[in-house]
Amino acid sequence: MMYILSFMRNAFLFAWLFHSASSSPLLSHQLETLAGPTSTPLRRQSTGDGNDTFAITGITDFGTQPRLEIRDLEKNRDAWNIYLLGLERFKAAPQDDKLSYYKLAGIHGRPYEPWDGVSAGPGIDNPGYCAHISNLFLPWHRPYLVLFEQILFEHIVDAVNEFPAGSVRQRYASAALSWRMPYWDWAVEPEDGLSVYPDIITSPTVEVTYPNGTRTIDNPLYSYKFHPVSARDMFFDPFASWNETKRFPTAWTNNAVSQDNLIGPILDNSRVSFMNRLYNLFTYYDNFTQFGTEVWQTDDIANADSIESLHDAIHSITGGNGHMTFLDYSAFDPIFWLHHTQMDRIFALWQVLHPDSYVEPLVAITQTYTVHIGDTEDANSPLEPFSKDTLGNKFTSNDVRFTTQFGYTYPELAGNASLSSVRTAINRLYGSNANSGGPLKRRDTTTLPHDKRFVKAASADDVRASPGMLVNGHLRQYVANIVSQKHALNGSYAVYVFIGDFTDDPCQWALSPNLAGTHAVAANLELKKAPGLSKMVETNPIRVGAALPLTDMLLMKVRAGELKSMEMGDVEPYLRENLHWRVSTFDNVEVDLNDVADLSITVVSAEVTPPTCESEFPSRGNFTLLTHITKDRVGGC
């Protein structure tokens, strides 16, 4: 019944664009009936008749529409308003409703309970359903996001139908047809003078327009207010007592408050590092498993990074020991959905670059609510608990390979974008002179004239303008590879890498001007509370890796006269004296390097050849391991 009602409501919304209420009294009456009383929206009359499971379809009634960057969506006042109204309604839904914000967030981790009838596997009573340190990390989150988007859209429709018949409702209905969930691009250079951490995410309040006027409300993107918080569901203090999600909390106490003002400067200080890592992943990683999962699988010094590792950094920095930092709680924070939509966008862009590489069979090294350690997972493994129909048939990675089947795309992929145009878009957004450094302004990447000449962001002339950069048409790239145990510290932690002096105060490490990059490891609390995982870690510790580009920072040292050139003969002794690393938890407590299991820092270098046009990527030679830099140092090779 609920599916018929949802279809009817969307169909009437579509029809509203073509028939005014004045010329169609019947339609006007139907719309008013469909909207219903605000306290009892029709969608909530059922959560799936009988034993039916919930079918995840996406928003498919109105064609394929692009998911926009959140700052671009904000520019469309009507779409932005109904987004906030819909999200407010979504979060207010009763927490025991299967399709409530609370229950959907709980799929990811706590409260470790069945969703939509999918029970825990035999002998499993701990983690949530989410796939991490797994070859299913990216595919699993795709239907999860589609589910969230699909239900949020129904709340948006409800919000639109509350407006009285007339031009205003027609405007909002039109905006709803093209609405899709926004993403937050934490790597692109923001407009001059602005932080990469948008104000709309950081402001506790926001102004919205209701049918009866405009007023200021609690910002739906700022936090989730539990109603009420359940100590049983959240389990660990202080999460079991916090009645609102926290970002960078002042302390782990019941009266802690968020410190969003601290997050922007930290993200801004690391943004170029994020951009460089992302660009390297696009340009040099052609195997899906290496690209997608942070598990350290081999001693291959050329492919130590992953999009999951970069994903962990954003989780941990925005959380700062709050909900986003710990995977069990992260999905309750509204920023989770913006971050993971960005992750899905990166996934979709990478798929265009490498269409023939996808999920390969891999043995699970950690358990989820339905997956046992030792299970072999492949492209046909079920992405539980997500159903593609009301009969309970589960999506597989093969089922979710293409976004358009769910009614969405991304700006860079709209209109059947070519490989050439996608490369151009990536170069414009994240590219550099030759090595994935040097930010470019964010610019339109959806329309690229065929005769447009290459913007000289990567030209030899530009690079030669600075001493010590190009040698025989090549640039030396330097990367710090970091490996450590995922669960080394019973929670999330960070490895900070510096080139030059830095303060002894861990609170200031993330803001250091000499910070070259941060390897953040997102984990859960109290490993001993998960017996199966704890036993596995004891017998087969999970090692994760990251690759932090050092080239940008070294180029700055060349320009400042501190480093003679980018040649290995100059860089290796310089880094031996000036490369440093430290570890801390996200409550800014320094950790002795000897206490971080399997910590290993190595530096590698390769020659990079700049692209000759905007639709090409740079090419990279083989890496050389520079053992002298970290040899005989704690955590060194």
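Quick reminder: no glycine exception, Cβ is built from N, Cα and C everywhere.
Averaged across the domain 'Tyrosinase copper-binding' (132-149), pLDDT for the predicted model comes to 96. Marked as domain 'Tyrosinase copper-binding' by TrEMBL: 132-149 (among others).
Within the same chain, residues 67, 70, 87, 91, 105, 108, 138, 141-142, 144-145, 148, 181-186, 201, 220-224, 245, 247, 307, 311, 314-315, 318-319, 322-324, 403 sit at least 6 positions outside the domain 'Tyrosinase copper-binding' (333-344) and bring their C-beta atoms closer than 8 Å to a C-beta of that stretch. Summarising the annotation, TrEMBL assigns domain 'Tyrosinase copper-binding' to 333-344 (among others).
The signal peptide annotation in TrEMBL covers 1-23.
Tertiary proximity for the domain 'Tyrosinase copper-binding' (132-149) is limited to same-chain residues at least six positions away from its ends with a CB under 8 Å from its CB atoms, namely 54, 56-59, 104, 107-108, 180-181, 288-289, 292-295, 307-308, 327, 337, 340-341, 343-344, 347, 359-362, 364-366, 368, 371, 377-379, 381, 383, 386, 395, 397, 400-401, 403, 406, 408, 486, 542, 544.
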